[in-house]
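**Student:** Let me begin by handing over the structure; questions about it come next.
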Amino acid sequence: MKIDILSLFPDMFSGPLHQSIVGKAIEDQLLDIQVTNFRDFSSNKHHNVDDYPYGGGAGMLLQPQPIFDAMAAIQNDNAKLPKGRVIILDPGGKQFDQEMAETFAHESHLTFICGHYEGYDERIKTLATDEVSLGDYVLTGGELAAMVMIDATVRLLPGVLGNKESAPGDSFSTGLLEYPQYSRPAVFRGMQVPEVLLNGNHQLIDQWRRKQALKRTLLKRPDLLNKMTLSKIDLELLDDIKADLND
Ligand code: ADE
């Protein structure tokens, strides 16, 4: 996968994207990340990239020219790749989630446009296929949001996670929160690992895990259950869970 990032603060990316699993994906050539400072494309003699909003109001807006020209250069450099998705980071965009990470992971080329200041001249948004927000809060810029989205996307690429860290059972990938897990020792400070996990009966273990995932989701994120199509067995397990909770 090729990822282009347009940002006024390229150095912000050098730490987080070159460590751990994302760093290893770059080393293994599963991923190529290019950060472009769109200030370098400003045609203004002072290299300004922002200006006051027409009609007045607080703050400055990013102007279209530097970002349009930076995008043209990126598309020229990547002429052999599909244009892919162009994601503009904006607190007013659609909220990022696991499903979006999965969609992004199917692309061969992603471009993230990171804003700063009060926002974008609206015409910049015509460059984007997606306007995406990390959540309902305002960051100082899109960089941290882009890093989170890149991290969540890259770990889904084939070959990026080894078996040890595998992704398909993750919270959200199954639609449910993850079931509780335990490692050695079987008893730690009086806290026991559930007996069912120690007896090697994989059918019982799978059933226990499914029930625990349903229970955890019911208690912590009932909204996720409403989005899922539950099997007959899941519905029976949920009835059991609710009955246990009412005892
Ligand atoms: N820029 C500022 N706040 C943001 C947010 N919540 N998500 C994405 N980009 C942003």
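From the backbone N, Cα and C atoms, a Cβ is placed for every residue, glycine too.
Pulled these features from TrEMBL for this protein:
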BINDING   G115, L134, G135, D136, Y137, V138, L139  S-adenosyl-L-methionine binding site
DOMAIN    1-226  domain 'tRNA methyltransferase TRMD/TRM10-type'
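Could you place these features in context, so I can see how deep they sit and what lies close by?
**Tutor:** Mapped onto three states, the DSSP output places L134 (S-adenosyl-L-methionine binding site) in coil.
Confidence for the domain 'tRNA methyltransferase TRMD/TRM10-type' (1-226), expressed as mean pLDDT, is 95.
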**Student:** Looking only at Cβ atoms, how many others are within 10 Å of the one on Y137 (S-adenosyl-L-methionine binding site)?
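**Tutor:** Excluding its own Cβ, Y137 (S-adenosyl-L-methionine binding site) sees 7 Cβ atoms within 10 Å.
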**Student:** Output the one of G115, G135, D136, V138 that, of all these binding-site residues, has the highest number of other Cβ atoms within 10 Å of its Cβ.
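**Tutor:** By the 10 Å Cβ neighbour count, G115 comes out on top.
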**Student:** These are the binding-site residues: L134, L139. Which one scores highest on other Cβ atoms within 10 Å?
**Tutor:** L134
